[in-house]
Amino acid sequence: MLRASAPLRSPLRRRPARFANSVPPSPPPPPPFSRRVGPQVAFTAGGVSLALGTAVYLTNRDTLARSPSSALHGDPSSNSSGVFTSWRRRLTTGLSPTLSRQRADEAYAQAAHWVRSVGQGSTRLAVIAAENWLEAGEARRTALGLVASFAGVWVAWRFNARGSVARWWAHDALSGRSVTLLTSTFSHRTLPHLLFNSLALYSFTTATFRYLDTSDVLPRSTSKYEYLALFVSAGLVSGLASHVWFSRVIAGRLLQRFGAKATREAIVPSLGASGAVYALVTLTALSFPQTSIALIFLPFFPLPIGLATAGLLCVDLVGLVRGWRAFDHAAHLAGAASGAVYWAVGHDAFEWVRKALWPSQARLEAQKRAGRAYGAQ
């Protein structure tokens with residue numbers, strides 16, 4: 001996350017000279033000053049639970065909807081024999097080629113429909129765009145969707161930088177608000193900040209998908225929902241860490257030395273997806289330690305990803321201790337910790353919850369198919 005160098009609120013405009021002798025207006029109300037963390041902790045816990053729970057449900061639903069009817073009756077993690085065992089050998093190794101191919105075919109059909117809907121004069125350009133979109137694969141298409149949301153918020157900053165966008169798309173640790181822990185993850189005020197986070201997100205998404213595609217228990221047709229849940233969860237956790245650091249630690253120190261007014265002016269809002277991006281970087285480094293990467297400022301010198309990640313974390317740790325204000329180092333470190341925890345236990349827990357919900361969702365899918373078959377008679 002990036003920290004703004006000045007508060008995002010606009011100063012009061014000066015009154016015209018002709019009103020200099022009139023009664024001065026009443027002073028504006030003081031800005032909010034809240035050091036609470038309880039509501040933010042509850043919001044983060046609820047948001048993470050909702051994101052991961054929704055991802056579990058949608059992953060199972062999409063997988064079951066594309067699975068053969070024989071897969072809806074039984075436990076794919078059991079050691080049963082017969083036809084179901086052969087299905088298990090094909091499909092319980094994580095991402096199923098058969099099921100993921102169905103999603104790819106649907107994406108192709110949607111792209112073909114879009115090309116046909118374009119006017120004759122732009123058909124060639126539409127075909128080129130559709131081919132590039134399909135060749136990108138689901139992982140990169142998902143990343144591009146997030147980048148598009150970043151760009152949309154960035155455009156909003158251009159038109160309303162000191163109004164509702166500043167209030168609801170940047171997290172102020174002393175405002176008492178909780179929803180901005182989420183919205184600020186998608187918010188970038190400057191173009192370099194937007195480009196850097198978008199490039200990093202795009203670069204590490206494919207490796208993250210590759211890790212999430214693995215499973216020893218259940219088949220899956222897609223890892224998109226788990227990836228999005230991981231992104232949102234890491235964004236919330238990193239935002240919460242930033243909130244606690246600035247509202248409790250930094251504000252506490254400043255209050256003792258300078259008072260409330262100076263403290264309020266010193267604590268400025270944070271925004272950006274870098275906390276969530278750090279989670280993807282750390283997860284990739286732990287999952288594929290043999291990988292080498294090139295840093296954006298050293299493009300011709302590839303480094304082992306573990307060394308590069310450790311270097312970035314050391315810089316953030318020093319920045320946190322020494323009080324560097326350009327970046328939100330607390331959010332970066334918390335995002336990296338989120339990625340490490342998800343690598344260690346998060347993905348396995350996600351699959352465990354999938355397995356717990358699988359029988360009931362399989363029954364619902366079987367009933368749905370039976371109802372469609374009865375209606376077709």
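For all residues, glycine too, the Cβ spot is worked out from N, Cα and C.
Among the features that TrEMBL reports, compositional bias 'Low complexity' is placed at 1-10.
According to TrEMBL, the feature region 'Disordered' maps to 1-38.
The feature compositional bias 'Pro residues' is assigned by TrEMBL to 24-33.
Annotation source TrEMBL lists transmembrane segment at 37-58 (among others). Within the chain carrying the transmembrane segment (37-58), a Cβ under 8 angstroms from the stretch's Cβ atoms is held by residues 176, 178-179, 181-182, 225-226, 228-229, 232-233, 236-237, 239-240, 243-244, 247-248, 350, 353-354, 357, 361, all 6 or more beyond its ends.
Marked as domain 'Peptidase S54 rhomboid' by TrEMBL: 179-345.
Residues 137-140, 142-144, 146-147, 150-151, 154, 188, 223, 226-227, 230, 272-274, 276-277, 280-281, 283-284, 287-288, 291, 293, 296, 343, 347 of the same chain lie 6 or more positions beyond the ends of the transmembrane segment (194-212) yet place their CB under 8 Å from a CB of it. Residues or ranges marked as transmembrane segment by TrEMBL: 194-212 (among others).
According to TrEMBL, the transmembrane segment annotation covers 227-246 (among others).
Non-local neighbours of the transmembrane segment (267-288) in the same chain are 1-8, 146, 150, 166, 169-174, 184-189, 193, 197, 200-201, 204-205, 207-208, 210-211, 230-232, 234-235, 237-239, 241-242, 246-247, 250-251, 254, 305-306, 308-309, 312, 327-328, 331-340, 342-343; each lies 6+ residues outside the stretch with a CB under 8 Å from one of its CB atoms. Among the features that TrEMBL reports, transmembrane segment is placed at 267-288 (among others).
The annotation transmembrane segment is assigned in TrEMBL to 294-315 (among others).
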Kindly state the mean pLDDT of the domain 'Peptidase S54 rhomboid' (179-345) in the predicted structure.
91
